[in-house]
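Trainee: Below you will find the structure I want to go over with you.
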Amino acid sequence: MSSNEPSPSLLLLLVVLLLSWTLCRGDPEPVQDFCVAAPHGSGELAFPGLPCKPSSSVVSDDFFFAAHARGASTDNAMGSGVTPGNVEAFPGLNTLGVSINRVDLAPGGVNPLHSHPRAAELVHVVVGEMLVGFVSTEGRFYSKVVREGESFVIPRGLMHFQYNVGRETAVGIAAYSSPNPGLLIIDFAVFKSTLAADVVEKITFLQQAEVKRLKGVFGGSG
Ligand code: GLV
Ligand code: MN
């Protein structure tokens, strides 16, 4: 090896630095106009995201989503209905770094404590008013009563909720910084799952009767 050639260890260091820079950045720069998600089990590989359908078969309808023209029913124990608009429901979002939900809340209704591991959420109220809040990793609670035309932002991964504090039905549009934000609902994980009631008592410090009641409300077994 001549003294002008870079040493193998320097080359290795450069490769490691380049790789970590690529992996630590946000969404990579797009390499194509779009990558509409292909029906399950077909399409070409895309990273990050779902496989793309061939661009020759992409149509305007792939970029159109009408499901938020109407709200979901709020006739349930929580008085709330969420209409998801993630990449599963709206394939044109694939690889574009955004998605959108509609949240309908009956008076007194709640969208219970939950988090999105892969996205920040911007809640914009279009009808009525709702208390929107989140808890930070330091245990601080941040919230606001958000009214028509106003917005509140929830940082990625933090536990949050919406609660209709008004007398009318409230409607919010939630925009996300990922086409696939993911969803963890605490009450569902604990009371709607097969997690055994005696374990739930231990990990929540709730009384047996309350655990039974909540498993009944949410329809869990165990
Ligand atoms: C509201 O917070 C939602 O994620 O639907
Ligand atoms: Mn949310």
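Glycine too: its Cβ is placed from the backbone N, Cα and C atoms.
Predicted automatically and left uncurated, TrEMBL annotations should be read as such.
Bear in mind that the values here come from a model prediction, so they are computed numbers and not experimental data.
Pulled these from TrEMBL:
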- 1-26: signal peptide (SIGNAL)
- C35-C52: disulfide bond (DISULFID)
- 64-212: domain 'Cupin type-1' (DOMAIN)
- N101, N111, H116, E121: oxalate binding site (BINDING)
- H114, H116, E121, H160: Mn(2+) binding site (BINDING)
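Looking at the shown structure, what environment does each listed feature sit in?
Mentor: The average pLDDT computed over the domain 'Cupin type-1' (64-212) stands at 97.
The secondary structure of E121 (oxalate binding site), as reduced to three states from DSSP, is extended strand. Counting only same-chain residues six or more apart in sequence, the Cβ atoms lying under 8 angstroms from the Cβ of E121 (oxalate binding site) belong to V153, I154, H160, A174, A175, Y176, S177, P181.
Annotation note: H114 (Mn(2+) binding site) sits in a strand segment as assigned by DSSP. In sequence order, M159, H160, F161, L183, L184, I185, I186 make up the list of same-chain residues 6 or more apart from H114 (Mn(2+) binding site) whose Cβ falls under 8 Å from its Cβ.
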Trainee: May I ask for the distance between C52 (disulfide bond) and N101 (oxalate binding site), taken between their Cα atoms and rounded to an integer number of Å?
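Mentor: Each residue's Cα considered, C52 (disulfide bond) and N101 (oxalate binding site) end up 22 Å apart.
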Trainee: Could you tell me the C-alpha distance between C35 (disulfide bond) and N101 (oxalate binding site) in angstrom, no decimals?
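Mentor: Rounded to the nearest whole number, the Cα-Cα distance is 21 Å.
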Trainee: List those of the recorded positions C35, C52, N101, N111 whose Cβ lies under 6 Å from any atom of ligand 1, in sequence order, or write none if there are none.
Mentor: N101, N111
